[in-house]
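Undergrad: Dumping the structure here so I can ask a few things about it.
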Amino acid sequence: MAGLAARLVLLAGAAALASGSQGDREPVYRDCVLQCEEQNCSGGALNHFRSRQPIYMSLAGWTCRDDCKYECMWVTVGLYLQEGHKVPQFHGKWPFSRFLFFQEPASAVASFLNGLASLVMLCRYRTFVPASSPMYHTCVAFAWVSLNAWFWSTVFHTRDTDLTEKMDYFCASTVILHSIYLCCVRTVGLQHPAVVSAFRALLLLMLTVHVSYLSLIRFDYGYNLVANVAIGLVNVVWWLAWCLWNQRRLPHVRKCVVVVLLLQGLSLLELLDFPPLFWVLDAHAIWHISTIPVHVLFFSFLEDDSLYLLKESEDKFKLD
């Protein structure tokens with residue numbers, strides 16, 4: 001929810017550097033890649049590379065050029081450490097030790113676990129909350145949107161390409177917009193359905209324009225950063241305002257307050273930017289791991305709130 005906004009901010013900052021970082025600007029790195037490609041990525045040498053490349057690597061889209069970049073990255077890192085220098089970044093990222101076809105193993109596994117937690121909580125929600133609850137379909141839709149975002153986050157951390165990067169960004173933006181929509185339905189829509197319909201159309205238009213501009217015109221990291229910070233702030237303020245207004249009347253909304261505050265606090269982990277521990281675990285992966293129980297708590301809030309609304313609507317029906 002709110003934490004995705006912080007994640008997008010930091011992803012945008014990293015991506016803005018992706019066109020050139022200290023490591024990939026080094027002549028030794030560039031010369032190494034060029035020489036590796038000349039020796040291994042054409043003619044008979046390329047056929048030899050393909051014949052010895054594991055099938056899972058080729059299926060994941062790892063090419064000879066990618067392998068050259070990976071090997072030369074570690075050559076450059078070794079030289080830096082030999083000379084007593086700090087570990088450099090390459091294309092806006094720290095060097096990670098690849099495991100099988102996973103480019104960033106810890107972040108990929110953590111993203112998968114976030115998705116798994118969301119799936120488990122979705123199944124629990126559908127088991128314990130009747131479909132007649134006023135928020136049922138909106139909450140289920142939010143869960144599927146979240147699952148889709150975590151799927152693409154897992155794919156992106158498994159294999160960083162232009163496509164997977166864009167899908168990770170776009171799906172994360174969709175989650176934040178859907179969280180705003182979820183808040184609108186809960187705070188306004190149950191009494192004023194027409195307002196929600198108009199607001200839903202507005203959000204869909206915003207998402208369409210946003211994705212179209214970044215896909216068809218140019219991927220502007222600066223614009224993407226500003227847009228996602230703006231919608232993230234709207235999301236945080238709206239949820240917090242509603243929770244604080246209703247916390248005495250509805251004790252279960254305290255779970256939502258904890259979720260929003262925790263996600264904001266945990267996002268500070270991303271500011272602790274450091275080279276990966278054991279070349280696997282960086283601040284971003286730690287942040288992903290730490291959000292797993294937070295998502296469970298948010299779905300628990302949605303379950304409690306949906307059951308409360310169901311009881312309220314049933315009581316009102318009896319009175320009528």
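For all residues, glycine too, the Cβ spot is worked out from N, Cα and C.
Marked as signal peptide by Swiss-Prot on the basis of sequence analysis: 1-20. Annotation comment: Swiss-Prot describes 21-98, 157-169, 215-224 as topological domain 'Lumenal'. Among the features that Swiss-Prot reports, N-linked glycosylation site is placed at Asn40. The transmembrane segment annotation in Swiss-Prot covers 99-119, 136-156, 170-190, 194-214, 225-245, 258-278, 280-299, and the record cites sequence analysis as its basis. The annotation topological domain 'Cytoplasmic' is assigned in Swiss-Prot to 120-135, 246-257, 300-320.
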Undergrad: Give the helix, strand or coil assignment DSSP yields for Asn40 (N-linked glycosylation site).
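TA: DSSP call for Asn40 (N-linked glycosylation site): helix.
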Undergrad: List, in sequence order, the same-chain residues at least six positions removed whose CB sits under 8 Å from that of Asn40 (N-linked glycosylation site)?
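TA: The answer is Leu46, His48, Phe49, Cys64, Asp67, Cys68.
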Undergrad: With Cβ-Cβ distances below 8 Å as the criterion, list the same-chain residues six or more beyond the ends of the transmembrane segment (280-299) that contact it, or say none.
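TA: The answer is 1, 3, 7, 10, 94, 96-97, 99, 104-107, 110-111, 113-114, 117-118, 121-122, 124-125, 143, 146, 153, 255-256, 258-259, 262-263, 266-267, 269-274.
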Undergrad: Summarise the topological domain 'Cytoplasmic' (246-257) as counts of helix, strand and coil residues per DSSP.
TA: 6 helix, 0 strand, 6 coil
Undergrad: With DSSP helix as H/G/I and strand as E/B, how many residues of the topological domain 'Lumenal' (215-224) fall in helix, strand and coil?
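TA: Grouping H, G, I as helix and E, B as strand yields 7 helix, 0 strand, 3 coil.
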Undergrad: In the topological domain 'Lumenal' (157-169), how many residues does DSSP assign to helix, to strand and to coil?
TA: 10 helix, 0 strand, 3 coil
Undergrad: Report the DSSP secondary-structure composition of the topological domain 'Cytoplasmic' (120-135) as helix, strand and coil residue counts.
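TA: Counts, helix then strand then coil: 9 helix, 0 strand, 7 coil.
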Undergrad: Residues sitting near the topological domain 'Cytoplasmic' (246-257): Cβ under 8 Å, six or more positions beyond its termini, same chain?
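TA: 239-240, 297-298, 300-301, 304-305, 308.
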Undergrad: Pop the mean pLDDT for the topological domain 'Cytoplasmic' (300-320) in here, whole number is fine.
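TA: 81, rounded to a whole number.
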